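Student: Please find one structure pasted underneath; my questions will follow.
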Amino acid sequence: MYASREDIGYDFGDDSKVRSKPIKPNPNIDGGWAWMIVLSSFFVHILIMGSQMALGTLNMEWLEEFNQSRGLTAWVSSLSMGITLIVGPFIGLFISMCGCRTTAIIGGILNALGWILSASASNVHYLFLTFGVTAGIGSGMVYLPAVVMVGQYFQKRRALAQGLSTTGTGFGAFLMTALLKYLCTEFGWRNAMFIQGAISLNLCVCGALMRPLSPKDLRQKCVVRSDSEENRAKALSHSTETIKSNGVLGEEPEKKEEAANEVLGSVQHTEIGGKSGSGRSMYGLRLFKTVSQLTITVRKGFALWYSSYFGAASLFTNRVFMAFIIWALFAYSSFVIPFIHLPEIVKQYNLSRQDNVFPLTSIIAIVHIFGKVILGIISDLPCISTWNVFLIANFTLVTCILTLPVMQTYVGLAVVCALIGFSSGYFSLMPVVTEDLVGTKHLANAYGIIICANGISALFGPPFAGWIYDITQKYDFSFYIAGLLYMVGIIFLLIQPCMQKKQPREKSIEEAQV
């Protein structure tokens, strides 16, 4: 069963040079500032994902204020959650050009602006634009860098680090729900959103903590990984042949960058030699140098982003990664649907009294925190494959989704909800699995695609479940259909790695015969 991208024989060229000399590792990899990155990502998950999971409080206020249908009003929350994830591929372009720190700071400002502008909403459609779109895009610009930076700073304990940082979602669900309820009660929902917008400015602080690693440190990380994995030489030779035949991913931009650097060097030389000239000429030279450097950065970032999606070594040529995208299209809705529709199920089964004492959604959120940490620790064990843990957790979750409608007692529902919360802890393993597939260099673009697929799932999953209920007057079929679609995605994950392994073997046999 697949464990890493080397087993598949697929590489994107991020590990292009393996040096024979011993390399002194960066102390910030797996330690030092890396834990500040985890702390930053933890607070990002509290402020972004935690706030989105607490939007039920504001949704009730919007229903009373605007007197619109539940379906129309619910689209405000769905747009915010969906757009946060759907914009992932485009945020990958920003990261390639500006870096994670700058992208996150801009996103924090945009998210806060969305909350503040929503405080003066006159109708639901106004909220679509200010909260759904503006705050949603800002959230996406902070969320993706928070995940990518943890992947860059950790090698040996990636799964644990991602698990710890993403537990902020569970903590945030409790903290933000209590905070928004208090603010709405004391100050009204408009002032509550204004205050929440001010609090969201702390996302800029989280972004400022995302200190970028130098290219040298990233190469060292890749070399350390390559020395510790089996069959590395074969994978490198295979990737070298692939890159030679298809064209190196960053060869052309590097040539252009070298030429541009020569121009900048000549400009700088002219600037130094012409100090006796007029101040206006010096200012023009400095301006030209700044614009040229910015142009180089933008072109290089765009070239990396474009080649990742549409170039010769495109991410979409990796069949296992394509299976991963198909899985993501069905997976996230299976986690979101219980959060949205469990209160109605509890009401139908006359279990409201027990649920008021300890809500089933709270059980999912609490156990979800422990699931992320425990699955992360297990995945980091030397004898355990992250991919196998990921698949087992998926099988457990889909089994719970299919059996949940059968449970009609509070105890039965509580047990299933606890299993849903624990098994859905595999979300912390998604960045690790993605990095194993495509490498650190392409993690931002690849994970952007994955969360975009998750966003589509989150955007349409709950409304689809509600539409099924309107037809059948039961939630049973909603869970059955969601579970079956989820199972289709898991089957794709099982089939494609086996096919990808088989192809290089067949190719080597044909070459031997020739």
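Every residue gets a Cβ built from N, Cα and C, even glycine.
Not my notes, these are from TrEMBL:
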DOMAIN    37-501  domain 'Major facilitator superfamily (MFS) profile'
TRANSMEM  33-55  transmembrane segment
TRANSMEM  75-95  transmembrane segment
TRANSMEM  102-120  transmembrane segment
TRANSMEM  126-148  transmembrane segment
TRANSMEM  160-180  transmembrane segment
TRANSMEM  192-210  transmembrane segment
TRANSMEM  320-340  transmembrane segment
TRANSMEM  360-378  transmembrane segment
TRANSMEM  385-404  transmembrane segment
TRANSMEM  410-433  transmembrane segment
TRANSMEM  445-465  transmembrane segment
TRANSMEM  477-495  transmembrane segment
Student: Should anything in the same chain at least six residues away from the transmembrane segment (33-55) have a Cβ under 8 Å from its Cβ atoms, list it; otherwise answer none.
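Tutor: Answer is 76-77, 80-81, 84, 104, 111, 139, 142-143, 146-147, 149-150, 153-154, 161, 164-177, 179-180, 196, 199-200, 202-203, 206-207, 209-211, 339, 365.
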Student: Report the mean pLDDT of the predicted model across the domain 'Major facilitator superfamily (MFS) profile' (37-501), rounded to a whole number.
Tutor: 77
Student: Report yes or no: does the transmembrane segment (320-340) come within contact of the transmembrane segment (360-378), defined as 3 or more CB pairs under 8 Å with a sequence separation of 6 or more?
Tutor: yes
Student: Return the stretch with the most CB pairs under 8 A relative to the transmembrane segment (410-433), choosing among 75-95, 160-180, 192-210, 360-378, 477-495.
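Tutor: Most Cβ pairs under 8 Å with the transmembrane segment (410-433) come from 360-378.
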Student: Would you confirm whether the transmembrane segment (126-148) and the transmembrane segment (75-95) meet the contact rule of 3 or more C-beta pairs below 8 angstroms, pairs 6 or more apart in sequence?
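Tutor: Touching, yes - the transmembrane segment (126-148) and the transmembrane segment (75-95) meet the threshold of 3 or more Cβ pairs under 8 Å.
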Student: Report yes or no: does the transmembrane segment (445-465) come within contact of the transmembrane segment (75-95), defined as 3 or more CB pairs under 8 Å with a sequence separation of 6 or more?
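Tutor: With 3 or more qualifying Cβ pairs, these stretches touch.
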Student: Which stretch, 75-95, 192-210, 385-404, tops the Cβ pairs under 8 Å count with the transmembrane segment (160-180)?
Tutor: 192-210
Student: Should anything in the same chain at least six residues away from the transmembrane segment (385-404) have a Cβ under 8 Å from its Cβ atoms, list it; otherwise answer none.
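Tutor: Sequence-remote neighbours of the transmembrane segment (385-404) are 1-4, 159, 327, 331, 334-335, 337-338, 371, 375, 378-379, 413, 416-417, 419-420, 422-426, 429-430, 432-433, 436, 479-480, 482-484, 486-487, 490, 493-494.
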